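Listed in TrEMBL:
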TRANSMEM  128-148  transmembrane segment
TRANSMEM  211-233  transmembrane segment
TRANSMEM  253-273  transmembrane segment
TRANSMEM  285-301  transmembrane segment
TRANSMEM  313-337  transmembrane segment
TRANSMEM  390-410  transmembrane segment
TRANSMEM  422-443  transmembrane segment
TRANSMEM  498-518  transmembrane segment
TRANSMEM  525-544  transmembrane segment
TRANSMEM  572-597  transmembrane segment
DOMAIN    657-721  domain 'CBS'
DOMAIN    754-811  domain 'CBS'
């Protein structure tokens, strides 16, 4: 049954003495990752370790039999701290799942005994759905607030509304009667900073004044963002998706999903987006939703006390994050499944679906965009595309793949430089310099001055008769139709000006995003990547449109594009380009296409989007195998076993296990031949997290496995609670204690803290099978035997180092830091 029994302990004595001794003798570097519980009694982090609800003094669940403390059952009477893990440790999935099955079995058996127990059983089954409802409501509300605040603060850089400073530019001019159709964004209620300060709207002084105010606001917002992150929640910086992938694979980073991180990330995300830096809010919204999920888990014992169950909730929360970021609930579920989750059972799929639905509904009721739509970039055009247009779509896919691979390499090189040089010591200065450069370069170009979301929206848009955008300034000499569907027309001067400005914007966005992503402010990558692709796509689309207009007699256009017809839709090319670039950077495929058509409402364009997404993935994979998130996981040295990578090297378990031939022999505990002093000496002299238990040093026959912490706790506890336990007392892991000599001190029986079913493989097991076992079962360690005799141990860290060595990388880069 895998029931874990542990000795009751005196909390006060344990906290003060033995935990400090463990902490001082165990280095994170050499820690062997061992299955089972490790403890954390420091109360400095946001999220307390599980099971922090213990009392003080003697444990009331302690029973004495003939004057000797009885071994207690973990499930009947939980001992404080047991079942928790220390920071920067990997959870043991097998043990957590087993614990949950035992808990479920107990509830089911009790439910037949009384009505109250039956009600309790129903509540337990329903708690998962209730938790999803709460996560959806909370994340949707936060996302709506972030959208509204960011829109208002972005407009604040250019001016202020006299009716009420809390109105953004659009809302300010909504109620005005003085607006004209051509200049719908100008109204007397909205004043630019130049108007307010020097009373002029035109001329060089007004331009310089607006320029200065734009740069000053941008610097203020980014300074506030980086200062808040640095002072209150260092974990709130960056995208958050690499760390969430690592946490979902079973690693523990305390405080990463805590309440302070949530509060600071929400505030600083608004500031960072408003500052005009080349970053998006989509990735950080996944982090925000996972923080909501983690905090709400504490309301339910089932999720608070089980790390594996909590990770199922976090998988669903990641889906909620994308759902509220893009207004794409189904895309969010697929994103969680394809990109972030490590373990995604069918039950989690349904719950993710429900949570994403609730979140999207909440966001829709807040209506942050004021257009009664859930989506950011809704497109109105539904012109069919022609088969020959797949050629430029595939070209956009190739561009997206090449740019994605270039971006990953450049960004990782820059982040590595930040880590290893003086640059990393001045995060505030770095953010301010990048903001200043971004603002100074962005202001003169109207396409980089606006927020990136508005730019993408304009690029996706198709030109109607009433559009006032420069991109739509065509010569309308031959337009006879009064409908909004216009034939292909010759481009006017403004279109060529716009194309020059967009080309400069493209180069600027491509370069500045490399240094922006990874700074100490919340920064997402979805929107900047889409902007690069949308600009490239729109430029290609206009080029194709003009080619079709002037050369409609060419063979490629002859069959389907007659003069005066609306053949080419430049907005569609922008959509396809955006998908291609986002796919090249993140290597998403299915979820990307679904997000794109949910985002734009362009259901007719699934095939072009699929073609571009697939091409960009193939091209990017040919240049470099890793997506941006995997690359950042490797850069930070997180212990993440990538499920997508094939392990093709021909090595055996004996080649990877420790100890190697030149090392000292494996530290083991014998089942009946050691004294308390021997065990304590071994604990002091080594830094391992646990020890195999063998029959004897000569036979090396494996009996079980015992954790360093459990040994220390049990010995400390026995010294305080049991009469006569001294350094010369014998330690027994056997079922029955043999008779002792008459004058010897009483023995210490520790069979209850031993894992009797550790995972073992033989020394000739192929390493690819061992890696598969570690991935699929979420193991922390595996023991190696030969003819039933213990030979060595392989830990998750050993596997990661081995994989790094095969890939010609530094094995010491797996730092758990």
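Residue numbers in this text run from 1 along the chain shown.
Cβ atoms here come from the backbone N, Cα and C positions, even for glycine.
Under 8 Å from some Cβ of the transmembrane segment (253-273) lie the Cβ atoms of residues 40, 45-47, 49, 87-88, 142, 145-146, 149-150, 153-154, 221-222, 224-226, 228-229, 232-233, 235-236, 240, 243, 246-247, 279-281, 284-285, 287-288, 290-295, 314, 451, 521-523, all in the same chain and six or more residues away from its ends. Helix, strand and coil counts from DSSP across the domain 'CBS' (754-811) read 23 helix, 18 strand, 17 coil. In summary, the transmembrane segment (211-233) lies against the transmembrane segment (422-443): three or more C-beta pairs, each 6 or more positions apart in sequence, are under 8 Å. Among residues of the same chain six or more beyond the transmembrane segment (498-518), those with a C-beta under 8 A of the stretch's C-beta atoms are 238-239, 277-279, 403, 407, 410-411, 414-415, 418, 434, 437-438, 441-442, 445-448, 455, 469-471, 473, 525, 528-529, 531-532, 535-536, 538-539, 542, 628, 632.
Long-range contacts of the transmembrane segment (128-148) within its own chain (CB-CB distance under 8 A, at least 6 residues past either end) are made by residues 266, 269-270, 281, 285, 288-289, 292-293, 296-297, 299-300, 302-303, 313, 316-317, 320-321, 324-325, 347, 351, 354-363, 366-369.
Looking at which of 285-301, 313-337, 422-443, 525-544, 572-597 has the most CB pairs under 8 Å to the transmembrane segment (390-410), the answer is the stretch 572-597. In the domain 'CBS' (657-721), the DSSP tally of helix, strand and coil residues is 24 helix, 17 strand, 24 coil.
For the transmembrane segment (285-301), the partner stretch with the highest count of Cβ pairs under 8 angstroms, out of 313-337, 525-544, 572-597, is 313-337. Proximity of distant same-chain residues to the transmembrane segment (525-544), defined by a Cβ-Cβ separation under 8 Å and at least 6 residues beyond the stretch ends, is recorded for 239, 278-283, 325-326, 389, 392, 395-396, 399-400, 403-404, 407, 447, 452-453, 455-456, 459-460, 471, 491, 495, 499, 502-503, 505-506, 509-510, 513, 516-517, 568-582, 584-586, 628.
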